[in-house]
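Engineer: Before I ask anything, let me first share the structure, which is written out below as structure tokens.
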Amino acid sequence: MNASAQPRLLRALAGETLDRPPVWFMRQAGRYLAEYRALRETAPDFISFCFDPEKAAEATLQPMRRFPYDAAIVFADILLIPGALGQKVWFEAGEGPRLGPLPELAAMEAEVEASTQRLANIGETLTRVRASLEPERALIGFAGAPWTVATYMIEGRSSDRTGARRFAYEHPEDLDRLLALLSDATARYLVMQAKAGAQVLKLFESWAEGLSEPLFQRLVTAPHTRIIQQVRAAGVDAPIIGLPRGGGQLVEDYARDCPVTAVALDTQASAAVGQRIQKTKPIQGALDPLLLRAGGKALDARVEGLLAQWGSGPYIFNLGHGILPDTPLAHVEQVLKRITGEGMRAV
Ligand SMILES: Cc1c2[nH]c(c1CCC(=O)O)Cc1[nH]c(c(CCC(=O)O)c1C)Cc1[nH]c(c(CCC(=O)O)c1C)Cc1[nH]c(c(C)c1CCC(=O)O)C2
């Protein structure tokens with residue numbers, strides 16, 4: 001492959017500063033697309049949808065047909081791992097995830113190896129997508145980071161995570177065991193995704209906020225490090241993006257101490273913090289999804305601001321969190337056109 005055919009995302013992750021940053025959006029496959037909503041109707045429930053390689057590949061490719069995104073992210077969910085380890089997981093329509101009682105730790109530890117096998121269909125989705133995606137567009141595989149996944153496993157639903165933080169203080173040994181088994185299952189799952197066609201891997205730590213410095217080190221940095229060491233030991237050298245969302249000031253410690261390839265920043269990250277991290281690692285982020293939804297001149301101004309503050313170092317343009325379901329397509333086009341020069345295509 002000559003240098004220009006190398007996907008822009010991989011070049012930025014290798015530390016190159018490009019004429020324009022690669023761009024993709026977290027949750028770019030989803031409900032803001034009418035074609036996604038129609039496809040979603042054809043699946044009996046959200047989990048079956050994720051496990052259906054044909055439908056999941058189609059959902060992954062839908063945003064790629066409409067917009068000039070530089071990368072596709074496999075259509076799946078961070079809560080597939082608890083299911084593969086034996087905890088019941090389902091989605092209540094219009095509400096979000098629900099999980100059954102937390103299984104015994106020993107029972108889940110015994111399922112770590114088998115869990116990867118149960119997730120084989122996600123590998124099948126990746127292989128299908130890679131076969132039909134243009135070579136200059138990269139394919140991203142992902143997993144939830146152990147602490148974020150554990151918050152759902154402990155609380156049984158989306159929550160303010162108070163119960164999970166209490167659990168961390170009151171049952172430290174159990175929590176450390178849970179994070180260790182999740183780390184091992186996650187590392188195996190990421191290795192499987194890379195072998196199936198994912199060229200980049202991403203760890204979503206959506207709930208790193210509110211953690212004291214010692215908790216952040218123990219619940220976020222240490223498990224991410226363990227996962228990355230295991231992925232590397234398995235011979236997978238795909239770049240890994242870590243998103244310690246809500247990590248605040250601790251994000252610089254994370255960038256220094258954790259062997260991630262690149263750090264995804266949330267909407268709060270300051271220009272200066274990003275610039276300091278960029279001296280050693282590429283960064284990604286950090287447009288506010290609410291501003292993308294609002295649109296207008298304020299959106300244009302913030303896009304210019306982000307390009308000006310971070311565009312002269314290795315940078316991947318993205319949101320600070322997932323795109324909101326009621327985001328107008330015209331606003332997505334407004335941003336992507338400014339960055340890539342290309343508009344929306346009819347589908
Ligand atoms: C916390 C989390 C989850 N899932 C995910 C996270 C981490 C990122 C983040 O913080 O947003 C990650 C995720 N979830 C989904 C993807 C697909 C790939 C992509 O386009 O980014 C990815 C990367 C699909 C999805 N995952 C979900 C949907 C919507 C379900 C539907 O279409 O019915 C999609 C497209 C459901 C989901 N999944 C989850 C929740 C809390 C919900 C319900 C809330 C909601 O409905 O948005 C757990």
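Including glycine, each Cβ sits where the backbone N, Cα and C put it.
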Engineer: Look at the substrate binding annotation in TrEMBL, where R27, Q28, A29, G30, R31, D77, Y152, S206 are given, and name the residue from H171, H321 listed for that site too.
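Structural biologist: According to TrEMBL, the candidate sharing the substrate site with R27, Q28, A29, G30, R31, D77, Y152, S206 is H321.
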Engineer: Could you work out which of the binding-site residues (A29, R31, H321) has its C-beta surrounded by the smallest number of other C-beta atoms within 10 A?
Structural biologist: R31
Engineer: Give me the CA-CA distance between Y152 (substrate binding site) and D77 (site 'Transition state stabilizer'), in Å, as a whole number.
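Structural biologist: With the alpha carbons as reference points, the distance is 12 Å.
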Engineer: Can you tell me how spread out the substrate site is, meaning the largest CA to CA distance among R27, Q28, A29, G30, R31, D77, Y152, S206, H321, in Å?
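Structural biologist: The two farthest binding residues have Cα atoms 22 Å apart.
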Engineer: Using a 6 Å cut-off on Cβ distance, which of the recorded positions R27, A29, D77, Y152 come close to any atom of ligand 1?
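Structural biologist: Result: R27, A29, D77.
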